[in-house]
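**Q** Sharing a structure with you now.
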């Protein structure tokens with residue numbers, strides 16, 4: 001029996017490099033991932049816009065979700081509302097990818113291009129590609145979404161956007177889903193697949209009404225337009241080529257980490273992986289390609305729809321956050337529920353995603369609050385928890401432990417250096433940073449692109 005040799009880390013790495021024919025540490029980390037770290041609506045669009053303009057981003061890519069998510073970007077003297085389009089579409093130097101992990105509603109795609117004035121720009125079609133492997137959202141999916149939500153008791157409703165996102169992902173897993181590639185291939189075969197899909201759902205929900213011929217005629221027009229503009233392609237291969245050429249890729253996560261299908265407040269979650277793993281599977285890059293992971297965090301907490309929200313406020317402070325913060329959903333138009341920032345959940349979010357930096361947004365909304373609280377721990381039945389409950393019913397019995405801060409009662413809008421923020425404001429930021437052990441690099445103090453403090457590059 002051979003002897004066991006103890007190797008140092010350097011010796012082990014050298015050994016593996018020889019066996020693997022390369023370096024473990026020199027991988028081409030040209031992919032950055034930007035994720036919502038809470039329940040969505042954190043202000044991702046603004047940070048994405050800043051990164052594109054200031055960090056030479058060559059490609060932006062959507063990796064999951066559909067037109068159920070919403071980004072708002074204020075730039076070029078106007079406000080843009082994005083649901084399925086990557087935010088880089090407003091930059092003439094940026095290429096945009098809708099990845100295989102996205103579920104694509106083509107009606108919404110073309111409407112969004114028109115709504116945001118993209119169709120009026122010369123050459124826009126040369127800067128965007130839809131993955132041929134992405135699944136299509138049909139009107140029947142939206143109807144099923146509504147029927148499923150209606151069938152739930154009031155206390156069990158998920159708060160879906162009724163955009164058909166969940167049923168489309170269900171079709172994908174059930175393996176009767178229809179992909180963009182199917183639409184672009186033999187149309188008769190596509191039509192037959194579509195008819196079978198409709199029949200499948202009508203057996204479950206007989207009240208569904210679908211004019212199959214009208215729908216197919218519409219998709220034939222979509223097919224012709226996609227082909228004419230050459231908007232569909234192999235996005236995995238394209239991104240691989242861009243990475244090999246040293247181009248910088250920014251992946252835009254939709255929704256938020258606390259809505260992840262696995263790690264969120266299940267079942268009150270979205271239907272895809274909105275954590276960092278979804279970025280890899282949603283555009284087809286290996287984990288070794290990812291360098292920076294930026295978590296976007298609102299300086300307080302919001303949520304749309306139903307589901308656990310331990311720090312939710314039902315008093316004048318909650319109303320004040322909603323009013324000053326203009327907390328209305330971009331996609332649904334529903335008022336967002338508001339509360340104090342939950343650092344216990346945020347630390348869990350950081351644990352799962354490995355954030356290398358945090359972007360703290362809407363700090364200015366707290367400028368006039370005399371007292372500000374942050375959640376730092378949970379108790380359940382008198383027991384201190386080390387992690388959030390995995391069982392849905394347990395959330396209702398959570399006791400929240402808070403740390404209280406005295407407000408700074410000074411305006412922060414217009415501040416561009418961290419040291420120029422009020423001292424009490426800096427203390428608030430530093431406490432968050434120390435608690436989750438991730439540097440806060442970007443701080444939003446207003447809606448405009450320029451209303452941003454950058455602490456380090």
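A Cβ is built for glycine as well, from the same backbone N, Cα and C atoms used for every other residue.
Note that the structure is a prediction, hence the values are computed from the model and not measured.
Taken from Swiss-Prot, the feature GTP binding site covers 40-46, 70-72, 336, 362-364, 444-446. As annotated by Swiss-Prot, active site, proton acceptor applies to 41, with the evidence given as sequence analysis. The Mg(2+) binding site annotation in Swiss-Prot covers 41, 70, and the record cites sequence analysis as its basis. Taken from Swiss-Prot, the feature IMP binding site covers 41, 42, 43, 44, 68, 69, 70, 71, 161, 175, 255, 270, 334, and the record attributes it to sequence analysis. The active site, proton donor annotation in Swiss-Prot covers 71. Sequence annotations record features per position, and here Swiss-Prot assigns substrate binding site to 330, 331, 332, 333, 334, 335, 336.
Burial and contacts for the listed features, if you can.
**A** There are 25 other CB atoms within 10 A of the CB of residue 445 (GTP binding site), with all protein chains counted.
DSSP assigns residue 41 (active site, proton acceptor) to coil in the three-state reduction, outside any helix or strand. Residue 41 (active site, proton acceptor): 27 other CB atoms within 10 A of its CB, across all protein chains.
Within 10 Å of the C-beta atom of residue 71 (active site, proton donor) sit 26 other C-beta atoms, taking all shown protein chains into account.
Cβ contacts within 10 Å of residue 336 (substrate binding site), excluding its own Cβ and spanning all protein chains shown: 21. Reduced to three states, the DSSP call for residue 336 (substrate binding site) is coil.
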**Q** Name the one residue among 68, 255, 333, 334, 335 whose Cα is closest in three-dimensional space to that of residue 40 (GTP binding site); these are the binding-site residues.
**A** 255
**Q** Could you say whether, by DSSP, residue 71 (active site, proton donor) belongs to a helix, a strand or a coil region?
**A** strand
**Q** Looking at the binding-site residues 68, 161, 255, 333, 336, which ones sit with their CA no more than 10 Å from the CA of residue 41 (active site, proton acceptor)?
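**A** Passing the 10 Å Cα cut: 255, 336.
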**Q** Please give the greatest C-alpha separation between any two of the IMP-binding residues 41, 42, 43, 44, 68, 69, 70, 71, 161, 175, 255, 270, 334, in angstrom, as a whole number.
**A** 34
**Q** I'd like to confirm something. Which of the binding-site residues, 68, 333, 334, 336, has a Cα closest to the Cα of residue 445 (GTP binding site)?
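**A** Result: the closest of the binding-site residues to residue 445 (GTP binding site) is 336.
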**Q** Name the one residue among 70, 72, 336 whose Cα is closest in three-dimensional space to that of residue 255 (IMP binding site); these are the binding-site residues.
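**A** Nearest candidate: 70.
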**Q** Name the one residue among 161, 333, 334, 335 whose Cα is closest in three-dimensional space to that of residue 72 (GTP binding site); these are the binding-site residues.
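**A** That would be 333, the closest of 161, 333, 334, 335 to residue 72 (GTP binding site).
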**Q** Write out the long-range same-chain contacts of residue 363 (GTP binding site), meaning residues 6 or more apart in sequence whose Cβ is under 8 Å from its Cβ.
**A** 299, 412, 425, 429, 443, 444, 445
